[in-house]
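Down below is the structure, laid out as structure tokens.
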Amino acid sequence: MALFRKKDKYIRITPNNSLKGSVSHNVPEVPDELFAKCPACKHMIYKKDLGLAKICPTCSYNFRISAQERLTLTVDEGSFQELFISIETKDPLRFPGYQEKLQKAKETTGLHEAVLTGKAMVKGQQIALAIMDSHFIMASMGTVVGEKITRLFELAIEENLPVVIFTASGGARMQEGIMSLMQMAKVSAAVKRHSNAGLFYLTILTDPTTGGVTASFAMEGDIILAEPQSLVGFAGRRVIETTVRENLPDDFQKAEFLQDHGFVDAIVKRTELRDKIAHLVAFHGGGQ
């Protein structure tokens, strides 16, 4: 009877070992550098769609950009003259791994230190300019960063120039200990001398501006601008919540929150910063 008929066995096929891995070689790979994930809206974005300003087309999030990219966006073409290149970072505490970390940062960013300093023209207005780069050890402020910015203010006093600084930092550089913390007072003293000379100082807070930089020259500008949604603060959110034992607002330490509470004069879109800088410099006496 069919009910008790023995079922036929399946045919067994032995895989050919020579074919193993051949399929994977034929699958096209998508290069990692083609796309970027927006930290805000989580969308995957074709990098060319970000444009030169690197702004998310979906939610307008401002990606972090390098000092060189910001220079291209801000100053007149061919006008930038870099200064204080020869100042070298030392290792006063002989901190383990510090020299290796510095070398890697130099190779990755193409910078000598976490800040780019020099003179430039912005729509015909000459300025003394500093741009901090968070890709270089999170733009932490060590002795060289402090020295370069101090010298920039001293040069600006001698040449009667306004100073414009794009800030970005994770704070003082722990590998240099108290020498790093001293830069806060040193740069602030230079800012004061520049102010006493009747010269204009403009700061633009970018993401992130925290720690000792926030507690010193970042918040000492005659006018303080900020890019949208930039993180700006001193201590970290969790540290503050633990200390005060309260839950902080969701937008706490965002540029918009600081503007609402009088710490920032205006939030300016990245694509509009060049025009805004030129206007403010011209309005406050210019840098001809």
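Just so you know, glycine gets a Cβ as well, placed from its N, Cα and C.
The following features are taken from Swiss-Prot:
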| type | residues | note |
| --- | --- | --- |
| BINDING | C38, C41, C56, C59 | Zn(2+) binding site |
| DOMAIN | 34-288 | domain 'CoA carboxyltransferase N-terminal' |
| ZN_FING | 38-59 | zinc finger |
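Taking DSSP states H, G and I as helix and E and B as strand, the zinc finger (38-59) has 4 helix, 4 strand, 14 coil. Counted over every protein chain shown, other Cβ atoms within 10 Å are most numerous around C38 among the binding-site residues C38, C41. Using a 10 Å Cβ-Cβ cutoff, C59 (Zn(2+) binding site) registers 13 neighbours. A Cβ within 8 Å of the Cβ centre of C38, C41, C56, C59, the residues given for Zn(2+), is found for these other residues of the same chain: P39, A40, K42, H43, I45, P57, T58, S60, Y61. Counted within 10 Å of its Cβ, the other Cβ atoms near C56 (Zn(2+) binding site) come to 19, all protein chains included.
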